[in-house]
Amino acid sequence: MKDDFAEEEEVHSFGYKRFGIQEGTQCTKCKNNWALKLSIILLYILCALLTITVAILGYKVVEKMDNVTGGMETSRQTYDDKLTAVESDLKKLGDQTGKKALSTNSELSTFRSDILDLRQQLREITEKTSKNKDTLEKLQASGDALVDRQSQLKETLENNSFLITTVNKTLQAYNGYVTNLQQDTSVLQGNLQSQMYSHNVVIMNLNNLNLTQVQQRNLITNLQRSVDDTSQAIQRIKNDFQNLQQVFLQAKKDTDWLKEKVQSLQTLAANNSALAKANNDTLEDMNSQLSSFTGQMDNITTASQANEQNLKDLQDVHRDAENRTAAKFSQLEERFQLFESDIVNIISNISYTAHYLRTLTSNLNEVRTTCTDTLTKHTDDLTSLNNTLANIRLDSVSLRMQQDLMRSRLDTEVANLSVIMEEMKLVDSKHGQLIKNFTILQGPPGPRGPKGDRGQQGPPGPTGNKGQKGEKGEPGPPGPAGERGPIGPVGPPGERGSKGSKGLQGSKGSRGSPGKPGPQGPSGDPGPPGPPGKDGLPGPQGPPGFQGLQGTVGEPGVPGPRGLPGLPGMPGMPGIKGPPGPPGPSGAAVPLALKTEPTTAPEDNGCLPYWKNFTDKCYYFSTERDFFEDAKLFCERMSSHLVFINTGEEQQWIKNQMVAKQNYWIGLTDLEQENEWRWLDGTLLEYKNWKAGQPDNWGHGHGPGEDCAGLINFGQWNDFPCEDMNHFICEKDRERELAITL
């Protein structure tokens, strides 16, 4: 019984334990023995009834439990399915939310980083805008200064134009003066020529007079000699006459003792008388000749005195003319010196104004280039800022749309979860009502479940404390050269310059007040004799003069016909060595093949001096500045042309050869057609190295534009107005074999 009861008890307990239901309390046995049997019988009966009832109840309970377990299993399955679906949905939602959260977190982090970058950019933009404001203020100040400078330049240009007009007027006046001076000089030259002609005539007359004086002196000397001879002859005649008188006296004395000889002496006396008469005649002739000679001498002396007076007058006139011409020449030289000094001052002023204008144009070009660079940079920065702001706006709009979608999805998911939670609450309440009568035992812990998915990345932790200052690193490589900064403030006034050139001569002042009369000075030296007066009236005709002297010997007559050749004479002694003769005629011409001219020795690279070689070309880098057309003409005169750059190697070599901070013309222009750049030989560009934003044809109504190209710093190309002054580079082919000039 006990065993059966225990088995039943075990079965019931097993069945109850199976469903987690605890057993009920057992019946107490009667202690009385008499009642034991009854109780045992009743117990058997009750046990049988109980077994039957328990079996029936168990069956019913089992059926109900089966139904309940089936319903619970179905409900559990449904709930499991729902829970799995909910879990899958939650997982999906979790994955989606995780992905979306990750994406949103990444997007938010990117958005935050973008916002931080935008804030940083906005800060930089604000700083740049503040700097740009400062720079704009500086630019405005510089623009105002430029406007003031331009107004000053306009004023200076107007003053310079006025000065140039005045200079032109003065130059025209000086041209008039110069023409007048040229006319005066031509007149003076004519006068000088006439004076020279008259001077030559006077010199000829003087030479003739000198010749006549020499001839007269020779005649006078001859006359004096003849007079001396005549005087000697007269003395001789006188001596002879005295001797004759003495002889006559002796003859008278001796007449007594000569009477005897009278007859013999009569003939002698007749002869002597004839001789005496002849002597008397000769003496009378000599006296007449002497008187004629004295008259001629008087005439000659008067003529010589007149000639001397005329010579003195001519010398005085010549001296006066020379003094006048010297005074005029000194005045003209002084005037020319004044004109030269004025012209030098004018030329210096013009050169200074031209240099000042060139410096102004170069400064304006530099300011223009810097302004264009800054404006292009500002425009690029503004365009980039506008693009970034537009991108930020688009990103913010897309993020807002994504946030709205996420909010709507979250709202729908939360609503679904709230509905599912309400259903779960209802199911839990039903389960609670069903399992109120059962005591649920806590079972043993189940097996360990599979490893879950990796959780989401947590939010970043708080920023840590600032670390210690690290060691000083090594100095980095030097950075690239920064942009050119703004123009600094005006410096202090410089030192006083050197003394300028002498100014123009001032205008003549007003006439001063007359001074007090001074004391009477001493009498001066007598002046030079005045010029001779006019010729007087012709005097009365004088008596006929004496017979003139014998004239000079005439020129030799025409030689007669040549006679027959005589016999050859004996050879004479060798004569004295004569002086060296004149140089003989030039010899025969040297053949052209042997005649060479020295040429400038070229360098070993095949280029002339001051030319540089690269590959098969020669290049000339100018040291002076010139206009584009003048530079082109200069290169053409040197049998070359402005440089054509067709390769990068050539560009790099030219860049290395350039002098810093100097611009150079190249043979590139768009004068024929705008914005179609061609080399001077008409070919199109094969290689380009324009600066960023160039060519821009920067004119803006201020001129014809920029139609000529050149090299600036770092060898980049830029367009310039053709009227600018720049250095230039000439190019020509290298001469491999220099022919010898024959």
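Cβ coordinates come from backbone N, Cα and C, glycine included.
Swiss-Prot tags one of the stretches 296-328, 362-394, 692-724 as coiled coil, and that stretch is 296-328.
In Swiss-Prot, the Ca(2+) 1 site is described by F644, N646, E650, and among E495, E676, E731, E735 the residue recorded at this site is E731. Checking N67, N210 against Swiss-Prot, you find N-linked glycosylation site recorded for N67. N168 is the residue among N168, N349, N437 that Swiss-Prot describes as N-linked glycosylation site.
The range from 215-254, 455-494 that Swiss-Prot describes as coiled coil is residues 215-254.
Looking up N271, N416 in Swiss-Prot, the residue bearing an annotation of N-linked glycosylation site is N271. D696 (carbohydrate binding site) and E706 (Ca(2+) 2 binding site) have their C-alpha atoms 8 Å apart, to the nearest angstrom.
Residues listed for carbohydrate, K691, Q694, D696, E706, N718, D719, cover a largest CA to CA span of 14 Å. The Cβ neighbour count for N168 (N-linked glycosylation site), using a 10 Å radius and every protein chain shown, is 12. Minimal Cβ crowding within 10 Å, among the binding-site residues D670, E674, D707, D719, is found at E674. It is N159, among the recorded positions N159, Q694, whose Cβ has the fewest other Cβ atoms within 10 Å in the structure shown. Using N718 (carbohydrate binding site) as the reference Cα, a 10 A cut-off selects E706 from the recorded positions N159, N271, D670, E706. Cα spacing between N271 (N-linked glycosylation site) and K691 (carbohydrate binding site): 140 Å, rounded to the nearest whole number.
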